[in-house]
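K.L.:
One structure follows; several queries about it will come next.
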Amino acid sequence: MEVLRNTPFAMFLSPEVVKDISLCFTPVKFKPGATIAFSKQEFLIVARGSVGVSTILPHAQKKVKVMELLCKKNIGDIVTHCAMRTSRIKLRRKSFLEAHERKYSGGKNVALLLDLVTTSRLVALAGLCTYEVARKDDVVCKENDFGDKFYICITGVLAVTVQTDIAAVPKVSHRSMSIVAASSSRRSVESHRPSIVVSQVLIRRIADGSYFGEISLILNMKRSATITAVEDSLLVYIDASADATPATVVIATRLLQNASKAHAATFLAAMSGDDHQRLAHLGQLEEVAKGTKLVVRHDDPVFYLVLNGKIEVDYDLPSGRMFVCLGPGGYFNELSVILQTKNLVQATAREDSVLLALHPEHFHAFFSTLPEFFAEFSLKYLQHDASLEHVINHYDAHELWLVYLEARPDNYEERIRYITNGVLFCEDADEFHLSCASFSSEDRVDQAKQVVEVYFGNNCDRPVTLRISVALSAALRGDINAAIEATCIDDTLFAHARREIIDHMDTSVLADFKRSSKFASVLTKLVCLQDIPDHLSLPMKAHLNFHVFKHRPSHEIANRYAWTSASPR
């Protein structure tokens, strides 16, 4: 009875019900170190001592499995069999949240949070959680304290407040001047009172499904607000001592999403939610203090994304040193990773900052599947030496390329129409490539036929052939049609056609585009240093080809590149 009264669920039950439930329990004793084996129908509560919840993991170097401690359950904590279904109910409470969706907006947060976690990780996350009750007016966490817990609100309402300093209003005396003069010679008690009044300001209220404390937990930062229970509330939390890998991934994803909203963060903003999640899985969060040199020349390269703060990147070029300041959404040191060489730049934190670090193997795993983002690196460093494929691949540059083509006075000419249709074909071919895995065999055939009808058919809407010379070889078109007829379709169906169409585009039109204000705006968004291309040798520039990068055999440092002296153009 006493044990049950200390559990979080007792707050929802009358004393009579608690007494009745206590009759269903039987005391069970275990010796220190003993394994507690129980079925999914059993329900255990820690009455004395503590219980370590662990998982069995395979060991890469040994033919055995090793045990990893996840968390400890203390007196009053509940230990249950954690199954797929129960873990979802435990954290998500889907039916409960749907019923309260109109009443509370907070319920949507945990759904978005947990959508970023795979089912297996969600099970592990549920195993880490411990219940906690916050009675009305209880302070769950306090502003400026270091946080060691990440909370999810199961039910109840919590207030988020911050302290603000308000200058005390000076008192106006209505006494005569003589009285004021006499009183000024005395040391008044008022003179010893602080001139600043601290006030609590309510920012928002959070309810079912909302979560908080994730930043303080992962980055060991002070809490930015005080959380107080407005009514009796039930929470679950993950302690800092737990192996909170699933929570770390979720928090890194949220930081990426927040950084993508920055004004200059076009790179992150162009990525999908799935891309952010992949980045979070592959990267490591790093917190650096102001003045820290996190990238030093000639050290092993690591790619960084700025999530918060400000970083200064130092380019020590033969023509002179140049500095670039990057805020949230910025990135740096990608060139050293791509070239497989020691660091070519140096970076220093100008503010306390949070970054996501990708080591070379993870950098390759991510960007080798995303030519539209690797094209940004090519444009940034090649600039006016960039190829047509770099422009067409890039998520933003190819849109401005199309606008430029349509605005040309000769846009009616066949060579210009061919380029325009070719760019549109590349878009559809890329879409087919990305979506092919999710299509059924029938859908693949239908989608492939639609692309053929639009671009390759007789009297099609967007022909990608020229009367002067047939741009797409008859043999290649025959191979595409044969694959469709035989239903032997994979995501590379249009890859060779895409390559051939780009090769037949008029490069003089690209040269005109590079002299336009449209291309200048592309380079401005990428924060390009104009001197960089002049200090890259031909072998260095060759690495900025996506196909070379995608198929490189290893991620080890294989080169000893350095900035070259600028040669006259």
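From the backbone N, Cα and C atoms, a Cβ is placed for every residue, glycine too.
What TrEMBL says about a protein is an automatic prediction, not a curated fact.
Pasting the relevant annotations from TrEMBL:
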DOMAIN    112-239  domain 'Cyclic nucleotide-binding'
DOMAIN    303-384  domain 'Cyclic nucleotide-binding'
DOMAIN    387-523  domain 'RGS'
K.L.:
Over the span of the domain 'Cyclic nucleotide-binding' (112-239), how high is the average pLDDT in this prediction?
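P.N.:
That stretch averages a pLDDT of 69.
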K.L.:
So, by DSSP, how many helix, strand and coil residues make up the domain 'Cyclic nucleotide-binding' (303-384)?
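P.N.:
Reading the DSSP string over the domain 'Cyclic nucleotide-binding' (303-384) gives 28 helix, 32 strand, 22 coil.
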K.L.:
Count up the helix, strand and coil residues in the domain 'RGS' (387-523) according to DSSP, in that order.
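P.N.:
Per DSSP, the residues of the domain 'RGS' (387-523) fall into 93 helix, 0 strand, 44 coil.
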